[in-house]
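Asks: Below are the structure tokens for one structure; questions will follow.
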Amino acid sequence: MVNHPLEWRINVPHATTSTVLVPHPYCSPHIRVCTLPLGFIMGFLTTIWGFLQRAWIIAVTEPNKLMHCLKVGLALSLVSLFYYMRPLYQGVGGNAMWAVMTVVVVSEYTVGATLSKSVNRATGTFLAGALAVGVHWVATQSGEKLEPVILQASVFLLAAAATFSRFIPSIKARFDYGAMIFILTFSLVSVSGYRVQKLFKLAHDRLSTIAIGTSICILISMLVCPVWAGTELHNLIKNNMEKLSDSLDGCVAEYFGNDVKSNNSKSEASHKILQAYKCTLNSKATEESLANFARWEPAHGGFNFGHPWKEYLKVGASLRSCAYCIEALNGGSICSDAKVPDFLKTHFGKFCIRLSASSSAVLKELAVAISTMKKSSKIDVMVEEMRNAVQELENALKSLSRQQIASTETKTGDSVNDIGEGNASPVVVTLAEIVPLVTVTSLLIEIAARTEKIAEAVNGLADKAEFRVESAENTKKSQTQKVKQISAKDEDEKTMMTLEKV
């Protein structure tokens, strides 16, 4: 039987020829089925390409992370030589794989974290191995019937006690990993010792392989592009302080300024600045972890072995306290739908802007002091200026509560004049219109108070860490520059008062 292709024939009356319709090759079901794997492959390749692009961005923006990956690969390559080279393999026996496992577990991003895990692992292994050998000797001297009982009782008691110690805050913060390794090693050595005759050799091989793995990790972590936890914590506190200052400026400019919303690109940039304070709110766990790891690190850079890392946690707590106020300022007050009269906004705007600028300047100066590890000679003057700005804003609030809240407008309505002119009629403002403005001013006063606490925390850090003091010439220059700024400001205020009288 011969298979013929399917044809459609149309006979047209009174025509000498007929038209034959042949199926289009692209409409074949076989080709349609073949396109499904092709689409799947293209989608898979697109996903892989997007992943590679994101990985490239991370590698370019944070080269330390890429270097950490290379360091882990180098450590594993070196420790694997104990398995490939026969003389080294015979030296550590068949437990050479424990060295490879140690490198995988102990390798961390920072030097402090690597040192912490290495010391915990070595100490826990040594103590557990020594106790396991001692308990095994006592059990063997007690007879065959009591030997398993003593081993089981020792495992139960020591495992329960070590597990309970992990709930103690001081031990959990620094020796939690060591306690877990203690439980694991003691259980393995004591239980296997019931069947293994050469228990001491087993404990010796395990301890030696762990010592090899931890030594290689520590050397590579400290010698090849080291990432110090203390430096990371130091830079984190400084960056959070700068972001807090930028967010405060952005919040006040968003509320009292009208030019921020005019441009879309500027609005996007200002939105990023406004949300920068959230980094401070979310950095508590990172700060505590870095401070814990920094205690294990040796002296490096400007940090000694006994550097007061706990003081950084106090500064971070003060920063978060201030960030909560900025969050309330940004979320509850500035984004509020309640409309405040323009004349009140203009009147209080100059006081609020001055206070926020003073607070922001104090934060930036403190960030510079932490970055350079020098005591600032200008911080006391800047804090006093911030207090004066707070006093002026409080006086403005008191005057608002004493007098009749009114605005005067000209008959044409083109401009707003001072209160009390006779050519305008007073417009009484309701309480609902005042509350948002009073909330903003109260939050700015609270932010100033918490900024002063941040300055106190930084001063405590500077005293305990023994920050360097600026030279007398720099101090004199800064004081002279400050006096010139104050005198120029007073002259500008006098000029403005003269123009208003005219």
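Backbone N, Cα and C atoms are what each Cβ position is placed from, and that goes for glycine too.
Just so you know, TrEMBL annotations never went through curation; they're auto-generated.
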Asks: Which stretch does TrEMBL mark as coiled coil, out of 251-282, 283-314, 379-410, 411-442?
Replies: 379-410
Asks: Which stretch does TrEMBL mark as transmembrane segment, out of 68-85, 122-139?
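Replies: That would be 122-139, the stretch labelled transmembrane segment in TrEMBL.
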Asks: Looking at the stretches 96-115, 122-139, 175-195, 207-229, which one shares the most CB pairs under 8 Å with the transmembrane segment (151-168)?
Replies: 175-195
Asks: Same chain, outside the transmembrane segment (122-139) by at least 6, Cβ under 8 Å from its Cβ: which residues?
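Replies: Hits for the transmembrane segment (122-139): 146-148, 150-151, 154, 158, 177-186, 189-190, 193, 199-200, 203, 206-207, 210-211, 214.
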Asks: Near the transmembrane segment (207-229), which same-chain residues lie under 8 Å Cβ to Cβ, leaving out any that are not at least 6 residues past its ends?
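Replies: Long-range Cβ neighbours of the transmembrane segment (207-229): 64, 67-68, 71, 74-75, 78-79, 82, 92, 95-103, 106-115, 118, 121-122, 125-126, 129, 290, 293-294, 297, 300-301, 303.
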Asks: State the mean pLDDT for the coiled coil (379-410).
Replies: 75
